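Enquirer: This is the structure I want to talk about, given as structure tokens.
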Amino acid sequence: MEEKVLDLLEEICEDDVVREDLDINLFEEDLMDSLAFTELLVGIEENFGIVISPSEVERSDVETPNKIIALIKARS
Amino acid sequence: MSFFGSIQFFLLMILLFIPAAVLGLRGKSLRGYRTAASVLMIGLVMWPNKEQLLYLIAFYVLEFVLVKAYLKLRLAQADHRSAAIYRIFLFISILPLILCKISEVSGGFALGLFQFLGISYLTFRVAQMIIEIYDGIIKEVRWLDFTDFLLLFTTFSSGPIDRSRRYIKDGETRYTRDAYLELLGDGLLKILIGVIYKFILATLVHKGVAFFEDPQSFLEFAGYSYCYGIYMFFDFAGYSAMAIGASYILGIKVPENFNKPFISIDMKDFWNRWHMTLSFWFRDFIFSRFMMLAIKGKWFASRLTGASVGFIINMFVMGAWHGLAVNYILYGLYHGVLLALTEIYQKKSGFYKKNKKKTWYKTISWFVTLNMVMFGFLLFSGELI
């Protein structure tokens, strides 16, 4: 599952640094913006069948690869 | 008496703070008192204008019934939610605002329909609840919470725009003595900053706005734009600071509305710093949802085209929300196009990717952004067109 999330993140952020540093802050490092965030939500829904709405999570809940993995784990 | 605009309002507000502080310091819930204080304050401010007051009451009843009815329907639907029913309810919930905005410009057939102070901001709060009920995140709506959230008098007329789930959590909190003391101190400081911004700095800068009134030459237009933009900031950030501070004292940590907007280094940065609660609302409830539908439905050949359309629609609606006048619509479209161009430039340009972290680049980018922002205010002011 983790591998699949990282594949998704690498595709959306267009940078493989998301694999190397799982605690990197995606918003601060300019790897993710509002557009990429919606792509992430669609990606999570299509890959894992988990529906997360855009206003449901705070930016701080999904700011690192680790936090995103944890969120998906908690929901599946 | 007007919200944060007259001495009677401030005196009454200070009077209303006293029982709030007593309750807060003794670790009691402020919810019931706060709601009663809001009803009293709004009633007193709107009393001289009975028609507005009646429209507000009609609006409140209509929206409460809508939210309750839709929640019941939605819970019964469980995993088989109907998008059609959702859209009908969402449309009816914003219909009063649409009628109000149309009657503002048309006169004639719908003169004054649903024109009451605060409707623009109240509509966000209700629409957000309907949308999140559809999403399945809101599963319960209590009458007292709804009334407390919708009518909080400190943010009634012009925001900041809070979110119901966050608000209700704050609303229920029983603070410890220390926690409330801190809230009280922060709240008073924010009110003080707001007073300085709005009544001293904004008033001073407004002299500049008046000086450049009816500009003719390029320099006069530049002077007008800068003065008007800076005036808007101190006026609205000042109002927001007072509203936020007063809400703290009533036990609600209302989110911030401004974060040094004039240091923005690009247009996306600007909208993360200017009127934040409005721009985040549009981001979460219009832009993101449009983009998700577009991506899932493969509406556009490239993601960049989709994003550009998304930005322009998002900001067009934002402009129209200010009012159905040419200057507001243009202001919205202008920002939509700028955001789209920013997105395309940042994604496509190797020059940008190579230099974006360098100081000289950031300095130039800041200067260009600031002037684009000021030109936007000129459009907004209606002085140009």
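In case you wondered, yes, glycine gets a Cβ from its N, Cα and C as well.
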Enquirer: Would you please say which range out of B:105-124, B:265-284 has the annotation transmembrane segment in TrEMBL?
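Expert: The listed stretch tagged transmembrane segment in TrEMBL is B:105-124.
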Enquirer: Mind checking which residues of the chain, 6+ beyond the ends of the transmembrane segment (B:187-208), have their Cβ under 8 Å from one of its Cβ atoms?
Expert: 4, 223, 226-227, 230-231, 234-235, 237-249
Enquirer: Quick test of the contact rule: Cβ under 8 Å, at least six residues beyond the ends. What residues does that give for the transmembrane segment (B:32-47)?
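Expert: Beyond its ends, the transmembrane segment (B:32-47) has Cβ neighbours at 1-3, 9, 12-13, 16, 19-20, 23, 53, 56, 116-117, 144, 147-148, 151-153, 156, 171, 250-252.
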Enquirer: Count, for each of B:6-25, B:53-71, B:83-99, B:363-382, the Cβ pairs lying under 8 Å from the transmembrane segment (B:324-342), and report the range with the highest count.
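Expert: Result: B:363-382.
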